[in-house]
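Trainee: Right, I'll just put the structure down here and ask away after.
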Amino acid sequence: MFRNVLGKTFRFLGYTVQYGCIAHCAFEYLGGIVVCSGPSMEPTIQNSDIVFSENLSRHFYCIRKGDIVIVKSPNDPKSNICKRVIGLEGDKVCTSNPSDFLKSHSYVPKGHVWLEGDNLRNSTDSRCYGPVPYGLIRGRICFKIWPLNDFGFLRASPNGHRFLDD
């Protein structure tokens with residue numbers, strides 16, 4: 001009887017480890033569901049919206065300008081942030097705030113991206129902490145899941161004029 005209980009316990013532990021590894025790989029490499037908080041991506045993503053983030057793009061370097069990404073915060077590595085990619089390495093970006101009279105520009109260094117929230121007046125982004133290393137990108141948001149009346153792919157940036165083509 002003791003041998004039977006011990007055998008069942010080890011089988012249960014074995015299945016738990018196997019399924020745990022599968023779940024880890026799925027969330028690390030395929031994607032997952034993310035609850036967004038904060039006003040920085042309004043009106044595209046509202047506070048408490050639920051989105052699906054896929055992680056394959058970051059592994060294959062398929063992140064493009066205009067994509068919305070989940071990134072480890074450069075200010076607090078324990079938290080993630082949600083921002084739009086405005087510039088890739090080598091791109092010229094506007095580094096000043098929209099309200100600034102004199103506009104300043106800079107180039108995104110190699111291995112970095114320039115991120116901004118859609119709500120430019122209420123967003124802490126690359127205008128504050130500079131270009132973000134590509135390695136901090138955790139995933140790319142594909143579509144909104146909740147609320148149901150807004151289900152589907154995300155809309156284009158309301159700040160499309162900030163994408164420079166120089």
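FYI, residue positions are counted from 1 along the chain as it appears here.
Keep in mind that glycine also has a Cβ here, set from the backbone N, Cα and C atoms.
What TrEMBL says about a protein is an automatic prediction, not a curated fact.
Annotation source TrEMBL lists domain 'Peptidase S26' at 16-97, 103-146. As annotated by TrEMBL, active site applies to S40, K83.
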Trainee: Using a Cβ cut-off under 8 Å, which residues of the same chain at least 6 positions beyond either end of the domain 'Peptidase S26' (103-146) come close to it?
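Mentor: Non-local partners: 31-34, 39-45, 49-55, 57-58, 61-63, 67-72, 74-75, 80-97, 152-154, 157-159, 162, 164.
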Trainee: Tell me which of the active-site residues S40, K83 sits in the most Cβ-dense spot, judged by other Cβ atoms within 10 Å.
Mentor: K83
Trainee: Please report the distance from the Cα of S40 (active site) to the Cα of K83 (active site), rounded to the nearest angstrom.
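Mentor: S40 (active site) to K83 (active site), Cα-Cα distance: 8 Å.
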Trainee: If you average per-residue pLDDT over the domain 'Peptidase S26' (103-146), what number do you get?
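Mentor: A mean pLDDT of 88 is what the predicted model shows over the domain 'Peptidase S26' (103-146).
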Trainee: Summarise the domain 'Peptidase S26' (103-146) as counts of helix, strand and coil residues per DSSP.
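Mentor: Helix, strand and coil residues of the domain 'Peptidase S26' (103-146) number 10 helix, 20 strand, 14 coil.
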Trainee: Can you break down the domain 'Peptidase S26' (16-97) into helix, strand and coil residue counts using DSSP?
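Mentor: DSSP classes over the domain 'Peptidase S26' (16-97) add up to 19 helix, 26 strand, 37 coil.
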